[in-house]
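*Asks:* Input: one structure, supplied below.
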Amino acid sequence: MALVDKHKVKRQRLDRICEGIRPQIMNGPLHPRPLVALLDGRDCTVEMPILKDLATVAFCDAQSTQEIHEKVLNEAVGAMMYHTITLTREDLEKFKALRVIVRIGSGYDNVDIKAAGELGIAVCNIPSAAVEETADSTVCHILNLYRRNTWLYQALREGTRVQSVEQIREVASGAARIRGETLGLIGFGRTGQAVAVRAKAFGFSVIFYDPYLQDGIERSLGVQRVYTLQDLLYQSDCVSLHCNLNEHNHHLINDFTIKQMRQGAFLVNAARGGLVDEKALAQALKEGRIRGAALDVHESEPFSFAQGPLKDAPNLICTPHTAWYSEQASLEMREAAATEIRRAITGRIPESLRNCVNKEFFVTSTPWSVIDQQAIHPELNGATYRYPPGIVGVAPGGLPPAMEGIIPGGIPVTHNLPTVAHPSQAPSPNQPTKHGDNREHPNEQ
């Protein structure tokens, strides 16, 4: 009776340790086809040809996990998503088999990547997605603020008569020359650099602030680097945001930083809505401290002028988070996302993934020393294997690759293969010994 209780305690201890470990995606003739889901869309025509030979692809068209089908929550091993759905820790815990999420785009602030990593879910993005489109849209917004094209168009649509010089002065009030103006870029990654190249062609002097970037890039692009945000805000006639959103830079543009900007400067944001405190921006626009602003992203999306702090703000251009979009960019992003899912299925997570953003939080296995070896299936315990318990390591002549994976809780594997033959005696003295071989019996010191 005492022996039974002892084994029961060991089993419970192993179950607790392995509770957070998710298996690698099982792929092959001995396993059912893995399920991959597009969470917040309904068109899978691009993804299907890339994945159809090894996975079942489904769509959910959901805006929250409450709208996701139960089969996807229980069985999906891979998920693709745009920016229109948010996954918190609570949401991620609802997925029972999920191993990889690919964000179809560059930003991933709508996924709790730390919680995902701790749950054994890799999160990937497409960092080169729509760089040209976003840069082009940003420059369009900048030109619009300087040349007032949007307001001139609106005046004509409203029936304003523009004929005399006085009428032109009135309707085009605020239009400014670009040459010699200073454009300040906060964040100087792919998109920031693309904006700099375009802006220089229009006559801007370009400066940037990016505390994470190594020195030297400014020389190759002929721009100037500043080393504090305050310096950038003070020197810039137009400020454009090109950084990811995180807990450190939320509301980077707020009442305090706006007061450090030049009187009458412009502000452009095609990065993330949470970077700008919209209440502070609205007040600055009304007071004229900021001459004009152009926003493609907003704190609350989908954006509406009918509500929120910006509804009465003057000199404001807003677009509905579309700076990234072109037919070509959309196609490339979807192909890249499906290809990353394919890497996850055919390779190992996260090692095989090209753009995993949460490796530092990732939990893949438990150290050997904390798991009782006797709970491991006998065939997988012995001289041939030395891997963390629960992970089936494949040695020459052992299990086929299709059987490689994690066995939660040490559940026995059922297969028709012969058992692994272990040496019954020590090797011959004449047999060479490989130094550093890690495959000795785990109990041997």
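From the backbone N, Cα and C atoms, a Cβ is placed for every residue, glycine too.
What Swiss-Prot records for this protein is below:
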| type | residues | note |
| --- | --- | --- |
| ACT_SITE | Arg272 | active site |
| ACT_SITE | Glu301 | active site |
| ACT_SITE | His321 | active site, proton donor |
| BINDING | Ser106, 186-191, Asp210, 243-249, 270-272, Asp296, 321-324 | NAD(+) binding site |
| COMPBIAS | 434-445 | compositional bias 'Basic and acidic residues' |
| MOD_RES | Ser428 | phosphoserine |
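Help me picture these features in the structure, burial and contacts included.
*Replies:* Under the three-state DSSP scheme, Arg272 (active site) falls in the coil class. A C-beta separation below 8 Å, combined with a sequence spacing of at least six in one chain, links Arg272 (active site) to Gly107, Asp109, Leu241, Cys243, Asn244, Leu245, Val297.
For Glu301 (active site), the same-chain residues that are 6 or more apart in sequence and have a Cβ closer than 8 Å to its Cβ are His83, Thr84, Gly273, Pro320, His321. Mapped onto three states, the DSSP output places Glu301 (active site) in coil.
Mapped onto three states, the DSSP output places His321 (active site, proton donor) in coil.
Contacts of Phe188 (NAD(+) binding site) defined by a Cβ separation under 8 A and a same-chain sequence distance of 6+ are given as Ala196, Phe208, Tyr209, Asp210, Leu213, Ile217, His242, in order along the sequence.
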*Asks:* Among all the protein chains here, how many other CB atoms are within 10 A of the CB of Asp296 (NAD(+) binding site)?
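*Replies:* Around Asp296 (NAD(+) binding site), other Cβ atoms within 10 Å: 23.
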*Asks:* Find, among the recorded positions listed as Thr191, Asn244, Ala270, His321, the one whose Cβ has the highest number of other Cβ atoms within 10 Å in the structure shown.
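*Replies:* Answer by Cβ density within 10 Å: Thr191.
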*Asks:* Note down the number of other Cβ atoms within 10 Å of the Cβ of Ser106 (NAD(+) binding site), including every protein chain shown.
*Replies:* 22
*Asks:* Taking the Cβ of Ala323 (NAD(+) binding site) as centre, how many other Cβ atoms lie within 10 Å?
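*Replies:* That number is 24.
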